[in-house]
Amino acid sequence: MPERTTRAAERGPDLVVPLWRAVIAFRVLTLGLAVGGWAFARDEYPGTLAPVLLLVAMAVWTAVTSVAYARASGRRTRSAVVDLAGTLVVIALTLTTQSTEGLHGSAPIITGIWVAGPAFALALTEGRDGGAAGAVVVWVAVTALRARVGDAEFGNLVLLMVSSVLVGYAATTTRRATVALQEATAAAAAAAERERLSRSIHDGVLQVLAAVRRRGEQIGGEAADLARLAAEQEVALRALMSAGPTTAAGRTDLAASLRLLATPRVQVVTPAGPLPLPSATVHELTAVVREALTNTAAHAGDDARAWVSVEEDDTGVLVSVRDDGRGIEPGRLDAAVLDGHRGISQSICGRVRDLGGTATLRSAPGEGTEWELVVPVPQAVRR
């Protein structure tokens, strides 16, 4: 099966279209070769009507499949499978065009290499595996028709398999390149827009926040709290200005999203590179971390600091949120739930559970609090 990048590719130009045109051209060309081969050696056929009718059927089927493959709606696995079924019927009808001795001998069959068309179509829709499967089905049908397996038959199998696999590889590579091109184009456009907004923010809002922070620190007292808030917003704005956009494949960089939560009292540690995950997963995880940090600000103490870290392994991601605050008294969370405060049970545990993960809380009086969030993410949807 190919990488399932076709959905993203469909939002832009389909670079696989030239390969579909090549399949159509192959079908038309090999139909012409079949007609020419029959006309050249028609004395080897017992009659004229059956071969002519079969060639007409091949021409009609070529026209039908060519029209289907020329349209975006027809370039699907279902169309290729229908094409394969129709080709198998044509192979079976070859029995009416030649004698048993001719079919079992060395004489070429009337269809020639025209029958390889659906194998190439399957290669375009399903990648290398689809092309190989289609090639095997066509080869088995032709070999059963001729009722023999020799060097020539094995040579045909190898040739058809190699050709189909190469076509499938080319299609898969092209689709990946299409998605990469779209993501790069979107990222470039977003970066240009972000740079424009960054200049406006830097010349206006950030300058004001910096001035408020400096003046508040000079005055002290209650103004120091305003200075702290201004500093936090300044850090958040700078992180927002450097954050990456959602990709064309519907993924968002979790690392960039978590870095937006950094403040002078919250340190966020992420991998050096991007960590693209499904946007819905990133949204939920970011909301969970934000809720944990909100609880830290509300209950851990005025001087408490917090650390957020994220790691990735073969099974998913691990997000840790810890602080050096006063910790949680035993039984306090259960009492909060009974009093109707369900922030932890719903906003944290519930969200992580909905993602198929686990949320583990470790805390003790005077020893701070740590949340360990483990969310499985299939490897296929990560990169």
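Cβ atoms are placed via backbone N, Cα and C, with glycine included.
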Per TrEMBL, which of 81-99, 176-194 is transmembrane segment?
81-99
Per DSSP, what is the residue tally for the domain 'Histidine kinase/HSP90-like ATPase' (284-378) in helix, strand and coil?
35 helix, 29 strand, 31 coil
Outside the transmembrane segment (154-172), at least 6 residues beyond either end, the same-chain residues with a Cβ under 8 Å of its Cβ set are 2-3, 16, 19, 116, 119-120, 122-132, 134-136, 138-139, 142
